[in-house]
């Protein structure tokens, strides 16, 4: 009986740990993330969408190029990008465009001079 109780508890914990990933999204919000936006905007353009449900299946409503539009979803790795305390003296080309361009757990993050692969912030 004790073994069955422990197995049931283990199964509930395993399922429960997945709930935030499934239920953490708003209704109609698709999985995946938005590609980074290169901002700043020089024009004011009307949004093409307000929420993911207005986009085709494989697309997500994201702020990109000065307005919200349906764009291909990108996979997003766990963790957040660390804050960059530096100031850019010489902008460089982006070394990545999305998290999947980076190896392992590294994320594609905005830095002072462009985007590059960084370890996620702790905490």
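Here the Cβ of each residue, glycine as well, is placed from N, Cα and C on the backbone.
Per Swiss-Prot, the features are as follows:
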DISULFID  34-62  disulfide bond
DISULFID  41-66  disulfide bond
DISULFID  49-61  disulfide bond
DISULFID  55-70  disulfide bond
DISULFID  81-109  disulfide bond
DISULFID  88-113  disulfide bond
DISULFID  96-108  disulfide bond
DISULFID  102-117  disulfide bond
DOMAIN    27-73  domain 'WAP 1'
DOMAIN    74-121  domain 'WAP 2'
SIGNAL    1-24  signal peptide
Exercise. Where does residue 96 (disulfide bond) sit in the DSSP three-state scheme?
Worked result: coil
Problem set entry | Averaged pLDDT, computed only over the residues in the domain 'WAP 1' (27-73) | 86
For this session: Taking the Cβ of residue 34 (disulfide bond) as the reference point, list residues of the same chain whose Cβ is under 8 angstroms away and which are at least six residues distant in sequence.
Result: 60, 62, 63, 64, 71, 73, 74
For this session: Find the shortest Cα-Cα separation between residue 70 (disulfide bond) and the disulfide-bonded residues 41, 49, 81, and name the residue that gives it.
Result: 49
Exercise. Going along the chain, which residues six or more apart from residue 41 (disulfide bond) have their CB under 8 A from its CB?
Worked result: 65, 66
Seminar exercise, completed: Cβ density check for residue 66 (disulfide bond), other Cβ within 10 Å (all protein chains) comes to 16
Problem set entry | Listed in sequence order, residues with CB under 8 A of residue 113 (disulfide bond) and six or more positions away | 88, 89, 90, 91, 92
